[in-house]
Amino acid sequence: MASGNQKIFDHVGNRIILDLERNDHLVSQQFRHSYQVPGANLIDEFRDDDSPHIPCYYHGQVRQNRQLHDYVAISACKGLEGTFQLDRQRYEIEPLDDLIHVVYKASINDEIKEEIFSSKLDSIPNGLMDRRKIALKNDMIPALNPLANKKLLSQAEKSQLEVLVISDLDVYKNQYRRKFGKIRPEVLSTMNRVALEYKPLNLVVIVGKIISWTKKDWISKKDSFKLQSIKLNRRLRRKYKTTDIPFDAIIVLSTTARFQANSPGSSVAGKSLFKICGFPYSIRAVEYIEFKRNPLEDAFIITHELGHSLNLTHQLSTRECDHPPCIMASRYDPNEPYPTHFSKANQRNFIQYNIKSMISIHFLHEQCPQCFCLRYSYKSYEKPSKG
């Protein structure tokens, strides 16, 4: 049953109410999803009837237990899909078709899927019995509206991180079986979860563009992460005909072919060198993600890797995490719920990074605006952070 800005589940006689707020900042107003034509040129695909600006991505909280780490991220574009957390346990909502979904406990171990929502009134459609999941009728939520009188924080209080998401050729061919239309909604749903994780840091994560390499990769997997990052930045600068690429971070969704063993993600932070002023300022990072089409796991890895580009280091011991596990932990127990928060140390590091960045930008604009002739060299890129 859905009403207003709520989604209601029946859980063994008890109601769980999700209070939802539309995420109006998930994509930029200039958002496009591009694919390649012969010659590897890019074509923007954007149809009014399939616009990413439609109000179907939501954040929220569980009404019964509004604790610090209890929250909701949901996509209602086609069926109901997403995640919510209650009492430090993460739950997954998974669509079976447009009208049916299931809810189960989630952990880092993919083999553990404990069904938790059931009702005598719920029906199990024919053909779905072998999935061993309890099916729930989905009332859909087309009438959801953003919360009334929503007030955004001032620019001084809230930061923005605009990302470019790239899916490589292997993802297009092997993960999506060359079905281009499925990439965008799944990527946006995953990034909606990532955006939720960064809310406590007062950081708004925005998807500026998605590029799918449907003909050939722009960079070679034989190169090191560092060299791949440099070549990718060069390619993008040529495309945009500017030294200042209009994105704060680049996320490359790839397959295991780009990765070393036991490394689901790797980050390479590049520093632009202001040759005139001699003032280095980190503005570009490339994150390589092993993409599995598992929204919960993909969102967690992306959140973790983006953290490295924001001055967030690994938490080497659980004592550094206020409520273990935390997002930047160096190791995870596969039987534990997915990490959902940044430690206090990470939050302090991010604040320091943000203040330094703002001071750098102000200094450059005030003292020497001619400094914005950015040049990159191999030495300007930091050593990759793996894992």
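Glycine is treated like the rest: Cβ placed from N, Cα and C.
What TrEMBL says about a protein is an automatic prediction, not a curated fact.
Features of the protein shown, as given by TrEMBL:
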ACT_SITE  Glu305  active site
BINDING   His304, His308, His314  Zn(2+) binding site
DISULFID  Cys321-Cys326  disulfide bond
DOMAIN    159-353  domain 'Peptidase M12B'
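Within 10 Å of Cys321 (disulfide bond), counting C-alpha to C-alpha distances, fall none of the recorded positions His304, Glu305, His308. Taking the binding-site residues His304, His308, His314 in turn and counting surrounding C-beta atoms within 10 angstroms, the largest count is reached at His304.
Closest by Cα distance to Cys326 (disulfide bond), from the recorded positions Glu305, His308, His314, is His314.
Secondary structure at His304 (Zn(2+) binding site), taken from DSSP and collapsed to helix, strand or coil, is helix.
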